[in-house]
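As written in TrEMBL, here are the features:
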- 27-48: transmembrane segment (TRANSMEM)
- 69-98: transmembrane segment (TRANSMEM)
- 118-151: transmembrane segment (TRANSMEM)
- 193-214: transmembrane segment (TRANSMEM)
- 254-273: transmembrane segment (TRANSMEM)
- 285-302: transmembrane segment (TRANSMEM)
- 308-325: transmembrane segment (TRANSMEM)
- 337-359: transmembrane segment (TRANSMEM)
- 365-385: transmembrane segment (TRANSMEM)
- 401-419: transmembrane segment (TRANSMEM)
- 431-448: transmembrane segment (TRANSMEM)
- 508-525: transmembrane segment (TRANSMEM)
Amino acid sequence: MLVAAIFLILLLSTVAAYIMRKRHMNLPRVWILMAAVSILLWLIVVIIPHDGTVAFTIKDWFSSDVSRISLTFAINPTNWVIVFTLLSVHIAFLFISGSKQELNHDFIFWVLEAGQIILAYIAVTAADLWTVIIAWTAMDFGSLVFLLFMHKEPTNSQVITPLFFKLLGSLLLIYATAISSGGNNQILLLNNIPAASSGLFFAAAILHCGVLPFRFPRKEKTEIGTVTGLFFYLIPFISSLFLVVYIPYKEIPFLSYILLSLFSIAGMYYFGLLWTQSRDEGNGIYYLTLAFTAFTIFRFITGTHQDLVPWLVLTLLGGCWMMLFSHRGSSTRFLPVFLLISMMGIPFTLTSYGSSLFFADGFKFSIIFVLIFQILYLLGFYSYLASKKEQFDELDSSSQLNYLIAILFSVLAILLISYRSSGSLLNEISNWWACLPAILALAGYYFWKRRKTDTSPAEKNKADQPKIDGRIAKILSFDWLITAATFMAERLRPIANGFSNLMEGEGGILWSIVFMALLVTLLRTG
């Protein structure tokens, strides 16, 4: 019941906050309600046993003469870290927005962000594939509601095309689940996914994560609107890719392995370089997710994808703080320090845990590709977190307190997740060398940035705005597919109309057959 209780408390508090505002109650009280509930749930999740599983089942959610499907939700050692990260991000969002002191304008975005957290919670706690299908559909509906709220008349590129790929991922998941279930009504994620269908499940997660088609996140009229929009992109991205950690490994044919390896490595480095150079948060996050998707593909084909959870945590937490970390000062420096240390691969940090399967068999050539990606991943976050922003001292004392509380909970989240994810002491110590490339690269990058003083401001701004190659953007936008489909529809429409007239028009074949059948019937009965 604890799983359901967390969901209900979060849902009811969000609904209550909305009703309180509609009845013109004091906004600070509404904010206090949402913030207090988020901290309470954060503490509840902390006390869940490290090796325990709490589950909740809605029996016979769908029932027919042929089959019965129940919905099962659980918090287990695998998804606990994602649930905990979601609540930590939720706390950070509420306290940072509270520090802006624009409560009257920001209120509706608290509700929207809380709704997205609720939907993501459902997705990551889903314990069987039918539940995942329902959760993905709910997340898609939530994204659609947000787009319709922000844009009264959204364009096809904003709504139709992205939702088409998400729907394609959901349909592929339904197909893979149906053919894999056989005579069973349910497939538990942890132990019953057949390896024969691994490729289908993985493709479904990639299609549904939202990176396709190519499009930069839209900038809204207000800062909090833009931040909330990025939350609605990044949180479903992580929630969809989380399915990958449950998928069993199945060796793929050699030729496919080579092609996918080349494709994923090229994507990791190309988009990773764009990620390190971009200075726009929205574009940077999109480059990061493209590079991380390629990294996920590489980990999947090498059979090391089942320890990706720490990478998902850092991508979600780091990506959200890129949007929220708008004021810098001596009091806020410890947040970037903890995040960057977790990304260096130092023993007992998250990236070390997230690469343990690669290091389990000792050094191998593919480790080099992972270490290079880790360097790009780290340098991109360092560039953002070390860039100049508004001064922390410009905030008043209450806003500074809210800001520091948000940072404190995020740092505690990193420490608690690192502690609960710790594995073998011997394995961690034996892989100490894996952090050296990242540390040396970060040190070199730091001194290079310090000495880069001979470039004019105009040239710096130009260099800081990298652009993706037009041909790659055109391919990934899939506009060519829509154009081709439209062209084929235009060419086939006359044929379809002609065939329809031939069959159904006056004097058409169908009417002739009906007339002949009627005539034969009359002659035989006469």
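Any Cβ shown, glycine's included, is placed from N, Cα and C.
Remember, TrEMBL labels are computer predictions, not curated facts.
Here the transmembrane segment (365-385) does not touch the transmembrane segment (27-48). Their Cβ atoms form fewer than 3 pairs under 8 Å, with each pair 6 or more residues apart. Non-local neighbours of the transmembrane segment (118-151) in the same chain are 3, 6-7, 10-11, 14, 55, 69-76, 79, 82-83, 86, 112, 158-159, 163, 166-167, 169-170, 173-174, 176-177, 181, 186-190, 193, 208, 220, 225, 228-229, 232, 235-236, 238-240, 242-243; each lies 6+ residues outside the stretch with a CB under 8 Å from one of its CB atoms. Remote same-chain residues near the transmembrane segment (27-48) are listed as 2, 6, 9-10, 13-14, 16-17, 20-21, 54, 75, 80, 83-84, 87-88, 90-91, 94-95, 98, 103-104, 107, 110, 114, 409, 416 (criterion: CB distance under 8 Å, separation of at least six residues from the stretch ends). Among residues of the same chain six or more beyond the transmembrane segment (69-98), those with a C-beta under 8 A of the stretch's C-beta atoms are 2-4, 7, 31, 34-35, 38-39, 41-42, 45-46, 48, 50-63, 106, 109-110, 113-114, 117, 120-122, 124-128, 130-131, 134, 185-186, 188, 190, 224, 227, 231, 235, 238-239, 242, 245-246, 309-310, 312-313, 316-317, 320-321, 324, 326, 399, 402-403, 405-407, 409-410, 412-413, 416-417, 420-421.
Each of 285-302, 337-359, 401-419 was scored by its Cβ pairs under 8 Å to the transmembrane segment (254-273), and the highest score goes to 285-302.
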